Amino acid sequence: MILGIDIGNTTSEFGFIYNGKRINSYKLRSDHTKTVDDWLIDISAIFSIEGMKKESVKDCVISSVVPPLEDRIYSACKKFLGKKPLRIGKELKVPIKINYKNPEEVGIDRVVNAFAGVKRYGKPLILVDLGTAITFDVVNQKGEYEGGAIFPGIDSSIEALFSKTAKLPKVSIENVKKVVGKTTVESIQSGIFFGYISLIEGMIKRIIREKGFSPKVILTGGSGEIITKGLEIDHIFDMYLSLEGIYDIYSYHGN
């Protein structure tokens with residue numbers, strides 16, 4: 001059993017993972033005001049709620065795209081568990097060839113997804129992660145990371161529309177059925193929901209045309225649960241690819 005921690009820009013997920021499968025996980029806001037002691041209290045509470053003894057966790061493994069939070073959560077885990085956590089990209093390198101002009105630029109979350117995607121679904125792949133940003137990541141027939149595209153996430157777009165317009169309300173995009181809205185709320189919901197579906201489908205078609213292969217399409221991330229319902233292309237939705245991918249890399253290194 002490991003405690004896998006996926007630190008993102010908006011939320012951080014703490015998950016108990018056994019033999020590559022998530023047992024349970026908890027999402028907390030990625031709060032930059034929290035101290036090491038605040039995170040220590042949160043981690044202790046997660047173990048208490050789960051009824052989990054810290055002795056049952058062999059290692060803590062962290063994947064992070066937020067360095068300041070990574071440092072605090074690392075210190076909190078070290079205090080709580082009495083051992084140093086392992087960090088993806090530092091103690092645990094991601095074993096995948098990166099064909100970016102500057103491989104150091106690629107977010108660790110993207111290469112974790114790429115490695116986990118290949119291990120679980122084969123190759124080639126297009127991975128679409130719907131989080132604070134939407135990332136499109138391409139893995140070629142050799143299992144190499146080719147690159148991709150980045151777009152503002154759904155929640156980011158909703159927040160921008162709400163904050164920069166005087167009369168448009170903030171909306172939820174669950175259960176959107178019709179493209180043509182009959183109210184302002186319905187029109188915004190349609191624009192966001194079907195607009196992003198069209199974006200994703202269009203980008204996937206363009207990537208396939210440009211790269212010249214037929215990949216599996218893997219959808220993941222917080223907003224994926226909503227978007228998967230409307231996509232009209234073959235795809236697999238894997239909510240916990242990023243979290244379970246932490247275990248895949250940990251396991252690869254002989255743990």
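Using N, Cα and C of the backbone, Cβ positions are placed for all residues, glycine too.
Model, not experiment: these values are computed from the prediction.
In the record from Swiss-Prot, residues ASP6, ILE7, GLY8, ASN9, THR10, THR11, SER12, GLU13 bind ATP; the candidate from THR33, THR35, THR132 listed for the same site is THR132. Of all Cβ atoms in the protein chains displayed, 14 besides its own lie within 10 Å of the Cβ of TYR100 (substrate binding site). Taking the Cα atom of each, THR132 (ATP binding site) and GLY107 (substrate binding site) are about 13 angstrom apart. Excluding the listed site residues ASP6, ILE7, GLY8, ASN9, THR10, THR11, SER12, GLU13, THR132, the same chain places LYS27, SER30, VAL65, VAL66, GLY131 with Cβ atoms within 8 Å of the centre of the ATP site Cβ atoms. The number of other CB atoms found within 10 A of the CB of THR132 (ATP binding site), across every protein chain shown, is 20. Note on proximity: of the binding-site residues GLY8, SER12, ASP129, the one nearest ILE108 (substrate binding site) is GLY8, by Cα distance. ARG110 (substrate binding site) and SER12 (ATP binding site) have their C-alpha atoms 16 Å apart, to the nearest angstrom.
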